[in-house]
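K.L.:
So TrEMBL has the following annotated:
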- 7-268: domain 'Thiolase N-terminal' (DOMAIN)
- 95: active site, acyl-thioester intermediate (ACT_SITE)
- 284-400: domain 'Thiolase C-terminal' (DOMAIN)
- 358: active site, proton acceptor (ACT_SITE)
- 388: active site, proton acceptor (ACT_SITE)
């Protein structure tokens with residue numbers, strides 16, 4: 001087999017992340033992704049009118065796909081104006097979905113199967129439907145007519161919880177936040193430490209927004225130009241919040257990622273395609289690693305994912321300029337920093353999901369986008385982005401600034 005091709009980030013766009021039932025509540029995940037893809041491809045004129053070069057495929061992550069319609073990724077790219085001959089696929093790896101989409105797209109380029117790919121993720125948590133258990137062979141309208149005759153309707157599930165935030169892989173079924181409480185208890189992460197971390201995340205996100213760090217990333221949607229969850233933190237209010245998941249727990253709404261809507265996409269290509277597009281191939285995707293362990297301890301999976309990617313590439317923590325770890329809960333980056341020895345000033349320097357929001361399928365691409373911009377702006381050499389995911393896993397990606 002020939003030598004693997006280098007894979008470069010040639011562009012990156014995302015929607016603002018909208019609050020749960022906020023400004024983006026009426027947009028489906030497909031519509032949000034089409035907005036992001038359209039904004040990503042427009043500067044390169046990669047739509048229907050260009051014949052000399054085009055996107056070879058689209059891979060999107062999505063978690064809450066119930067009710068999205070047939071082939072959501074395909075629908076999104078067609079709505080964005082990409083040609084019919086461009087294939088598309090949808091992947092689901094919970095919170096690491098868009099990282100897995102990036103890895104899948106990168107592998108196609110590395111193997112020479114593609115020269116230009118779009119990868120990322122999309123989620124509308126506001127539009128996740130309620131679902132009924134099927135208890136009849138009736139289909140479509142016939143089922144609804146039959147249902148109307150039932151005196152006591154079947155139990156209704158919330159697909160956002162059931163498909164996105166609830167673990168069914170261990171005998172003790174738990175919502176993900178209960179595992180975060182267990183992590184805090186077992187590893188002695190105090191409520192005060194979690195609140196201090198969350199306060200800092202909001203502060204950093206506020207500062208980044210004021211300094212227009214996200215301006216190049218975000219494509220306006222429905223008049224919204226900035227992430228809707230960012231606000232001035234209030235430590236006194238944080239201290240008054242009740243635990244969310246367990247009566248004696250320490251995890252609160254303030255120390256958990258915000259439920260959000262949004263989409264994030266990156267344009268990936270090899271060096272030859274970059275030259276044809278007139279783009280400097282500077283930020284390279286070097287490696288991906290997935291670490292898997294017991295589902296109960298998904299909160300600690302980033303530790304070994306990051307250790308493995310460092311070991312595989314003969315690197316130390318000190319060789320990495322920036323880390324982005326998805327803030328599913330404050331305990332995740334806190335314990336990862338503690339175990340690996342990452343300094344907080346190198347981690348999530350523009351805030352994280354606690355402040356910006358966490359549209360499940362889109363967050364992984366956002367943190368890679370952040371790493372790329374941070375390396376470009378500062379001249380840093382390397383960055384690592386990592387997200388844990390339900391099922392006891394985490395995906396880490398190593399990004400390199402080759403001009404350093």
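Cβ coordinates are placed from backbone N, Cα and C, and glycine is handled just like the others.
Unlike curated entries, TrEMBL annotations are predicted automatically.
Walk me through the surroundings of each of these features.
P.N.:
Annotation for residue 95 (active site, acyl-thioester intermediate): spatial neighbours 63, 326, 328, 358, 360, 363, 364, 387, 388, 389, 390, criterion Cβ-Cβ under 8 Å with sequence separation of six or more.
Mean model confidence of the domain 'Thiolase C-terminal' (284-400) amounts to 99 (pLDDT, 0 to 100 scale).
Every protein chain considered, the tally of other Cβ atoms within 10 Å of the Cβ of residue 358 (active site, proton acceptor) stands at 27.
The Cβ neighbour count for residue 388 (active site, proton acceptor), using a 10 Å radius and every protein chain shown, is 29.
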